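*Asks:* I grabbed these lines from TrEMBL:
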COMPBIAS  16-27  compositional bias 'Basic residues'
REGION    1-37  region 'Disordered'
TRANSMEM  48-65  transmembrane segment
TRANSMEM  71-89  transmembrane segment
TRANSMEM  96-117  transmembrane segment
TRANSMEM  189-212  transmembrane segment
TRANSMEM  247-269  transmembrane segment
TRANSMEM  275-294  transmembrane segment
TRANSMEM  301-322  transmembrane segment
TRANSMEM  342-375  transmembrane segment
Amino acid sequence: MSDEGAAQTKPESRRAAVRRKLGGRRRREPDVTAHPTPIRISRRTRTVLILAVIVTLAYAVYLVPSVLTTAVGGIALALVLSFPVRFFSRFVPHGIAILLSFLLVVGIIVAAALYLVPIVAQQFSSLIGAAPGIATSAEQYLRDALDSLENRGLLPNDDPQQLISRVRENLVDAVRSIGSSLVGGVLGFVYSTVNFLVTLLGVLFIGIYLLVDVRKIKAFYLRAAPHDYRSDARSLWNAFGYSLSRYLGGLALILLIQGAVSAVGLFFIGVPYALVLGAIVSVTAIIPYLGAFLGAIPALLVALAFGGLTDAFLTALLFLGVQQLEGNFLTPKIQGDTLHVHPILVFLGVIVGGGLFGILGVIVAVPALAVLRVLFDFLRVRLRTGDPAGAAHDVPKVRRTPGR
């Protein structure tokens, strides 16, 4: 090749290299946070804007209540899955740990759907069919008990037959109410199924997203806090996460154990429909204090109808033992003392939650109390009055050890 040809190709090759370099360079997203020009607003304006955002979000939740259900379910799923994620993260990367935890939960659900759900559905259908016989048997035992009380002079002036008639009328009204509810449920089955699937997918999406991006969310939360209070903000985040994850994860395990122990105990006593009755116990035990007694009522009625007073007495002893097992062993060992809320406040919180939001309020009442307790403890030791003279007296003194 001549010198002139080499001189022509050399600049062209340089231009081609520059063109390839510019064409292959990835275009960066414009950073809107770089070199910001401050927009001065007063504290009052900032407070008004924050309140406007909060009111808008609250109104949106009021218009679409399923948003709150989906969000709460997603947060609960993330907190429950945090236990297996934390365990698997010791051996594999964080992303793989999340995938393994999710597959574990899905595997348990699929196994339950394949093996347990058909049996429970069959027993539940049989139990519904046997409900009139159970009601008749309970009525007969009630009549015998009232006759015995009347013979001993322990019954008021009311006629026992009138009391039985009232009970029968109440049972008939309850059955009619349940029947009408079932008819309405069948008519809206398709809509309910679609709504349930959308909510379920939303819960899964939020739960997995929170697990994947929990570090980014925490970093954003800490950056939003003032610099002088970031240490306190980190402590509050850790306290919230510990209390909620420990409570919800322990609650799921306790409910599973209570239902399994109840089902096995009823099976050995000889009470029919033991599996579905154990499932009812697992569901009702979500309600603090009252749930165990509510779950025992169907089992006692079935035991009384099919096994008589002996099986009913053994069933009562079984549920008394399950209650003692849960209160004295399972909850202290699994959940520990994470709630720190007086039982009276828990009971009142459940009533208030149920009155405001129905069954969702009953379920969310105790976790909400746990959050409020952490927030109260956080603010109790940090809030100070505006009196400069008394500020020095409010600061806790640090006890120094000798030799330091």
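From the backbone N, Cα and C atoms, a Cβ is placed for every residue, glycine too.
Those TrEMBL annotations? Automatic predictions, nothing curated.
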*Asks:* Is the count of Cβ pairs under 8 Å between the transmembrane segment (247-269) and the transmembrane segment (275-294), pairs 6 or more apart in sequence, 3 or more?
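*Replies:* Touching, yes - the transmembrane segment (247-269) and the transmembrane segment (275-294) meet the threshold of 3 or more Cβ pairs under 8 Å.
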*Asks:* Count the CB pairs under 8 A between the transmembrane segment (301-322) and each of 48-65, 71-89, 275-294, then give me the winner.
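*Replies:* Answer is 275-294, with the largest number of Cβ pairs below 8 Å.
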*Asks:* Is the transmembrane segment (342-375) packed against any residues at least 6 beyond its ends, judged by a Cβ distance under 8 Å, and which are they?
*Replies:* 68-69, 72, 76, 236, 239-240, 243-244, 247-248, 286-290
*Asks:* Any residues 6+ beyond the ends of the transmembrane segment (48-65) with a Cβ under 8 Å from its own?
*Replies:* 41
